[in-house]
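Visitor: So that we are looking at the same thing, I have put the structure below in structure tokens.
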Amino acid sequence: MIVDKHTKKPYTQKGVEGEGIRRQFAFALFLLHIVLLIVFSSGSLFEGADLQDVSRVAILTATLLYLAISFLYRERFWSVPSLTFLILALFHLGLFVTPAINGQLPTFVVDVGGSGTWFYSDATIIAVRYVLLGLVAYSAGLTLVFSLGVTATVSGEDNVSGSQDSVYRNNLALVGFVVLTVSTLTWLVISVYSGGPFFFLRSYGSYLAFTNDSALLNYTYIGISYGLLLSMFTRNHRVFAFSIGIFAVFGVCSLLLGMRDNVLIPAVAAAAMWAKFRGVRNSWIFVFGLIGVLSIVSLVRQLRKTGLGEFDFTGAILSPISAVEEMGFSLRVLHTTISWHEIRNEPFYGGVTYMAPFLRFVEGILGFNRLEGQPDYRLMNIEIGERVGQIGGSIIGEAHHNFGFLGIMCVLLAVGVLIGFLTLKARTALVLALLGVITVLFLMHVRNSFAPIPFWFGVGILFVGIAKLLSERQMKRAEIL
């Protein structure tokens, strides 16, 4: 009998045949992706086209790709590939929803950028094409791996290693719960110490100001992200409930302050892992949940300006479209790099921003410190901040900043292959943990620069390694007894 190892539910003959059909469908999709990559690589595509028509093509293409990816995996919309694709699309195409509907300028662009003239520039049309290249490349990586992969696990494979894997899963959950608890408590202590017991009533700007001197604060976000993720490995319902409760305390306080990404990243990664273990497939729960999340995000944007203490609830607007627009502002990063490299003809960086974190680490060890006050443009977030302002980062924008549109295709294709491979091979707690770590890193890089990614990766591997060491010690003790 063929079973799913984590949900313990058997695959029926119909289910096994369905896997074969989905692999054939994935291969056909991959061939279609090749055609789309060729089409979207054409520099003349969208030339002279109306912004509304371009927006509609972009939204329709992304939607169809998203639905196709969701169909491939047993968890449907809850799968890691589906969720990561959705986040990637929302953060880069969100600004095109309003133009696609009525041809008007997105409200968020006007609120943030005044006239929004940058949005109507030639670079925006190029950016749409490059975003579609990135989405298609990422999806192509997923479909390629799926068309070649095997998703079912045969019962009996784990007779020898099953008990070890069970011990490891328990220790991953233990490490996650401890890290989540300690990180959340540390975050609360720092916040209360710096801003008082009602710190969550303040605006986002004031919160950043009174916690600016706390270097430890950023580490708590890492711990909360990985802690919640690994807590999903637990089989204990009480531990699961406590983990959700602890994160809820952090999440509510953060959202009241106007902090979005610090809550969204761990929540999405944990949701995917929870769905994997519980065999969740209910699409309606996902759809209504997504609408609810987007409505909350729109409220968070309004809270960010004044804080809960001075917020006027009579003027509050719960608008999922407004939330999508704000998330889509990552496009500004790609728009900026296009302006630099393809309009002003500044040279591409050729991978410098990807090597910079490692080079800076070595330089720090050897004592080769940069001159004080001299910005290090090897870090994309530094250059963006100095030349444009604090507009965040973008995985697509950084790939373009280094290698142009070919870089976008190669980077997103590689990430798609990696996530697709780990998703299909997630038969053990170790592979699932690695998939979770990569998911967190991907979600973070969607909206941030690459600079902190290597460090975050190291921390994630450290937590996974600690759980592995604990498991090995327990197994050795069991053998002795």
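Cβ from N, Cα, C; glycine included.
According to TrEMBL, the feature transmembrane segment maps to 21-42, 54-73, 85-105, 125-151, 172-196, 216-233, 240-259, 283-300, 403-422, 429-447, 453-471.
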Visitor: May I ask whether the transmembrane segment (172-196) has at least three C-beta pairs under 8 Å with the transmembrane segment (125-151), counting pairs 6 or more apart in sequence?
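Guide: Not in contact, no.
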Visitor: Give me the stretch from 21-42, 54-73, 216-233, 429-447 with the greatest number of Cβ pairs under 8 Å to the transmembrane segment (85-105).
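Guide: Comparing 21-42, 54-73, 216-233, 429-447 against the transmembrane segment (85-105), the winner is 54-73.
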Visitor: How about the transmembrane segment (54-73) and the transmembrane segment (172-196): do they have 3 or more C-beta pairs under 8 A, pairs 6 or more apart in sequence?
Guide: no
Visitor: Should anything in the same chain at least six residues away from the transmembrane segment (216-233) have a Cβ under 8 Å from its Cβ atoms, list it; otherwise answer none.
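Guide: 169-170, 172-173, 175-184, 186-187, 190, 239-240, 243, 247, 250, 262, 265-267, 269-270, 273-274, 277, 429, 432-433, 436-437, 439-440, 444, 456, 459-460, 463, 467.
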Visitor: When you scan the chain for residues with a C-beta under 8 Å from the transmembrane segment (429-447), skipping those not six or more beyond its ends, what do you find?
Guide: 6, 80, 83-84, 87-88, 91, 165-166, 168-169, 172, 225-226, 229-230, 232-233, 261, 264-266, 268-269, 272-273, 276, 330, 392-395, 398, 415, 418-419, 422-423, 453, 456-457, 460-461, 464, 467-468
Visitor: Which range out of 240-259, 283-300, 403-422 gives the transmembrane segment (21-42) the most CB pairs under 8 Å?
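Guide: Highest pair count goes to 403-422.
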